[in-house]
Every structure is written in C-alpha cells, then in structure tokens.
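Below is one structure, written out as structure tokens; the observations come after it.
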Amino acid sequence: MHMPKNIKVKPHKLEGVYIGNNKFLLTKNLVKGQKVYTERIFKSKGEEYREWIPFRSKLASAIKKGLKTWPFKKGTIVLYLGIASGTTASHISDIIGEEGIIFGVEFAPRVLRELMFVAKKRKNIVPILADANQPETYQHIVVQSDVIYQDVAQPHQVEIFLKNLRFFAKPNAIGFLAVKARSIDVTKDPKVIFREVERKLREAKLQLLESIRLDPYHKDHMMFVVKVPKAW
C-alpha cells in the first residue's frame, strides 16, 4: 500500500467527523492502515483518516446536505438495518470507537460474508444474518439502542422501521430512515412517496426532526430523522 498523503484536517461541527483540505469528509481510522472500500487514506499530525465518500454513503450525503441531528459519539449503541458490506457502518464504527457497538442486520448471505471481513478487524461491529422484517428473530442478540439506522430497499420499509423502533429503541432514541422512492413504488412521483412516508412517521407519533433530499449524490432518496418520545 502506498503511503497516505498528508493533508490539512479540521473538525466538522458534527462530533467525530472531520474535513480534509476544506473539501471532503473524513473519519479517524479505528483500524490503522486498513481500507474498507475504495476510500482514500490520509495522514495529519500523526493521525490517520479515511475519506467518507457521499456517493457511496447515504449518511455522508445527508451530512453534505446539511444534516444537523447527530447522536453518534464514543460509546453509542447502534442498530443498523440493511448494513450490507459495511461502507457507512465502518465510518460510524470509527466515530463510536471501541466503547460503542453496531448491531448490523443483513439479509443477503453473500453481502454478510463481506461484512464479516470488516467486522474481523472492527470489533465494534456485530454482523447478524436476519430479515429486518422479523425483529423477534434477533431480539436475543440486540440490546436497547441509542440509534436505529435503516437502509432497506423494501416496499414496506416504513413498517419495518417502526417495528424495530418498538423492539429496540431506548426512550429518546434517534432513528434514521433512508428511503429510496423507487423501491416503494416505481410508478409514483418520489415527492408523493416521501409525503406518504412522512405521514406514516407522524401517525406513529414520532417526532420528525429532519427530512433531507439526498440528490445529487443519491437520486430520488430522502433521509428522514426522527426522535422516539420518552413514553412511546
């Protein structure tokens, strides 16, 4: 591996996120010398940073689009539904550190195998082969979580999200729901679909904190951020 390039790094206003050369997002690499996907690795003042590419991560694109709600810090407990091969999760792993934990639910065995390689080095990621629509099948593994993050391309993704919040959300937990309009209904205008998602979240008595369109990074996607009320 070639030597990481030295760059100028400053903290972003969101905890655990950094900005490189006033341009790109970074997280401090929890496992030095290790890449997870095609990200570049940089050095600054003896620390190693990984580039967080918004075109590869919906959470990074939400940050680029002005996300304000940020529950991730050292020690945060995260349930990640639809973790895939761990691109976004690896950056959350950098931020929450060894004191935190990510329970990563993934339905596709082939993809989960890729995640296993990431989790081997990153002890704060727990891969779970399961269907996010059946939280009862993994309730013996997952603990009550500070954050529930969902990126599941299913028509009934809102229902899956609500079900998991009911099972695993601590009071005042924050939920992130990344919605791809076309996976709900190809025939409908994305705006109509997003309004429908918002209505369902409000009907469930969740506090809607933010809704952010993820264009141009992810076409026809929106990130919804909710807070679970204390007595829900």
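Each residue, glycine too, has its Cβ placed from N, Cα and C.
Per Swiss-Prot, the features are as follows:
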type    : residues                                                                     : note
BINDING : Thr87, Thr88, Glu106, Phe107, Asp131, Ala132, Asp151, Val152, Ala153, Gln154 : S-adenosyl-L-methionine binding site
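Comparing the binding-site residues Glu106, Asp151 by how many other C-beta atoms lie within 10 angstroms of each C-beta, the top residue is Glu106. For Thr87 (S-adenosyl-L-methionine binding site), the same-chain residues lying six or more positions away in sequence with a CB closer than 8 A to its CB are Val36, Tyr37, Arg56, Ser57. Mapped onto three states, the DSSP output places Ala153 (S-adenosyl-L-methionine binding site) in coil. Maximum C-alpha to C-alpha distance over the listed S-adenosyl-L-methionine-binding residues Thr87, Thr88, Glu106, Phe107, Asp131, Ala132, Asp151, Val152, Ala153, Gln154 is 20 Å. Same-chain residues at least 6 positions away in sequence with a Cβ under 8 Å from that of Asp131 (S-adenosyl-L-methionine binding site) are, in sequence order, Phe107, Thr137.
In the three-state DSSP assignment, the secondary structure recorded for Asp131 (S-adenosyl-L-methionine binding site) is coil.
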